[in-house]
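A.B. asks: The structure is given below, and queries will be raised subsequently.
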Amino acid sequence: MRRLYFGVFQLGTPPKQFTGCFDTGSSDTWVPSTSCVNPSCMTHNRYSTTASSTFNATTHPFEITYGTGAVAGSVAYETLTLGTGDSAIQVPHQGFGMVYDSSMDFLSASCDGLFGLGFPQLSNMRTLPAFFNMMTQGLLDAPTFSIYLNPDPSAEPAGEVQFGGMNNARFTGTVAWTPVVEKSYWTVSLTGAKVNGRSVVLQATTAIMDSGTTAILVSATDAAAIHAGIPGVAYDRQGGYYSITGGCDSLDSLPDIAFVVDGKTYSMPPVQWTQSMQGANGGATNQCISAIIPGGDDHSVILGDNFMRSWYTVYTYDIKTRTAYVGLAEAAAMSQ
């Protein structure tokens, strides 16, 4: 089971490479600093203020607490580079966080830092997120970025993030657009769910597209409504999740589950709305659980990576009208 999706970006002049978890559920970009000497920083690439000619310091500190983990440091500005060669995007004066202290939760993280793709209103550092900075500076062909997660979670490459447009090879059919109803997260209208075509009424009325969340988080009430009546699914009170009683070998007997976004139905097969449990040695087991997990609030569903492996997502913003949209299209199998 993948827990984090990450890609490569560069900071500084000359550029130094970092891996960042691309997160539509947050708006700040940060990397460990060479001033951070705790183990969770030392196991990752670290940024040096003396190694770059384009570094600009500030006196603004920041602290961010996530669902798991916390970081603290100071805000700085630097040249950010995405991609390589002729297709590279170079972003001058990009605000980012130099982390001086991070919790042990990040010790074994597969990425060095975070690359926030949320709205400016969500920025803890009060800096312009990279996507909005690129738009403001006119560096993109279109005010858009798109995310593809490979429907096969064990395959390589795991996916891609494209700035300035969409990759038509990564989806099938057409993109359906829905307006963003709250500009902090990429939040869209939610009108219910379906289980094997049967409508399920939910308390939640909005959905948040969050590439930084592995699973799909819903309220306890909505989780119970979605899983009610599905044969072979039982609530595990100790674990706080819904278990697939027949194990991972029984997924073919389970129904599709869909979320209805702005009146349109977006379905997931059982292989996408379930996930295998890890064994004591970190390997997969035959125990599977539902990836639709109680733990969200009553008003919003968080549609994380399990949902995005079925649906290619596109994010666009009109600077003139200050309107935003999320586009959804069925994710295609990656041929290369």
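Each residue, glycine too, has its Cβ placed from N, Cα and C.
The active site annotation in TrEMBL covers Asp23, Asp210. What TrEMBL lists as disulfide bond is Cys36-Cys41, Cys248-Cys288. The domain 'Peptidase A1' feature in TrEMBL is assigned to 5-329.
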A.B. asks: Measuring Cα to Cα, how many angstrom lie between Cys248 (disulfide bond) and Asp210 (active site)?
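C.D. replies: Cα of Cys248 (disulfide bond) to Cα of Asp210 (active site) measures 26 Å after rounding.
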A.B. asks: Cys41 (disulfide bond): which of the recorded positions Asp23, Asp210, Cys288 is the nearest Cα neighbour?
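C.D. replies: Nearest listed residue in space: Asp23.
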A.B. asks: May I ask which residues of the same chain, at least 6 positions away in sequence, place their Cβ under 8 angstroms from the Cβ of Cys36 (disulfide bond)?
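C.D. replies: Within the chain, Cys36 (disulfide bond) has Cβ neighbours under 8 Å at Met42, Arg46, Gly73, Val99, Tyr100, Asp101, Ser102.
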A.B. asks: Express the distance between the Cα positions of Cys288 (disulfide bond) and Asp210 (active site) as a whole number of Å.
C.D. replies: 23
A.B. asks: Give me the long-range Cβ neighbours of Asp23 (active site): same chain, 6+ apart, Cβ under 8 Å, in sequence order.
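C.D. replies: When sequence neighbours closer than 6 are ignored, Asp23 (active site) has Leu114, Phe115, Gly116, Leu117, Gly118, Asp210, Ser211, Gly212 within Cβ distance under 8 Å.
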A.B. asks: Counting other Cβ atoms within 10 Å of each residue's Cβ, which of the disulfide-bonded residues Cys41, Cys248, Cys288 comes out lowest?
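C.D. replies: Looking at the disulfide-bonded residues Cys41, Cys248, Cys288, the Cβ with the fewest others within 10 Å is that of Cys248.
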